[in-house]
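A.B. asks: Features from TrEMBL:
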DOMAIN    3-65  domain 'Carboxymuconolactone decarboxylase-like'
DOMAIN    117-180  domain 'Carboxymuconolactone decarboxylase-like'
DOMAIN    223-286  domain 'Cupin type-2'
């Protein structure tokens, strides 16, 4: 593992807070306390995340932490409360400090006044001023928490990618980022993620998941692609009928038939794939992608897997 035990604990708490999975969050906080994190350090994670996941998620997480602490105390389990953050000087200009923190953290000045002067001030004075002023967590640890949390939020891919860049600027490695994102696969839709699609892994450029939804009458599978992952060119053969129906349930991706331009896909789109047509489908560069795959009845049906979609072809999209 490339993440330290402390980093892994922080990331898991961040991901579960964003997801709102209170039952597993309590387990994760209990384990984190066993592994040396203090109550105040975990509180700092949950307070920071209100800026990224909202007050409801943050408050629910803090309540879960308090329940966990109370349960540990009732059992006589040693629980380290930890120190309080170092107090700021009374004359601290929090807007100025937050602006400098944001610049140093990102590696360049950031100005969002064109979007909203208020949001620019709130980010500088409150998030990067008040919250980041706490020295219970390092900037690198805060970015690990942020990446873990944003990886759980559908539709936040651009913010996730931005913070991946910021985390790398602060010393987080690509291998560590991969581990952070793998701690909890994101909740994309009401359909289950399923298991790792190992049986067909050789026909995909990266990690995918498969969940059987219906295996009787009409066969339906929920297929999930991590960002940039696509399947090989392939053909659903049939002498009569056959083919496949795709119903996009989450994220953004592509479908392309041989000799035709790629078609961008989003949640709610439907693709009717004729039998005997060479094609591929998969995720966009910056988004997970999920669709239901419905097998269309036909005669003498079979699937033929062909060559991979090259990076050169894919990167043109």
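Even glycines carry a Cβ here, placed using N, Cα and C.
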A.B. asks: With DSSP helix as H/G/I and strand as E/B, how many residues of the domain 'Carboxymuconolactone decarboxylase-like' (117-180) fall in helix, strand and coil?
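C.D. replies: Residue counts for the domain 'Carboxymuconolactone decarboxylase-like' (117-180) by secondary structure: 47 helix, 0 strand, 17 coil.
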A.B. asks: Residue counts in helix (H, G, I), strand (E, B) and coil for the domain 'Carboxymuconolactone decarboxylase-like' (3-65), per DSSP?
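C.D. replies: With helix first, then strand, then coil, the domain 'Carboxymuconolactone decarboxylase-like' (3-65) has 53 helix, 0 strand, 10 coil.
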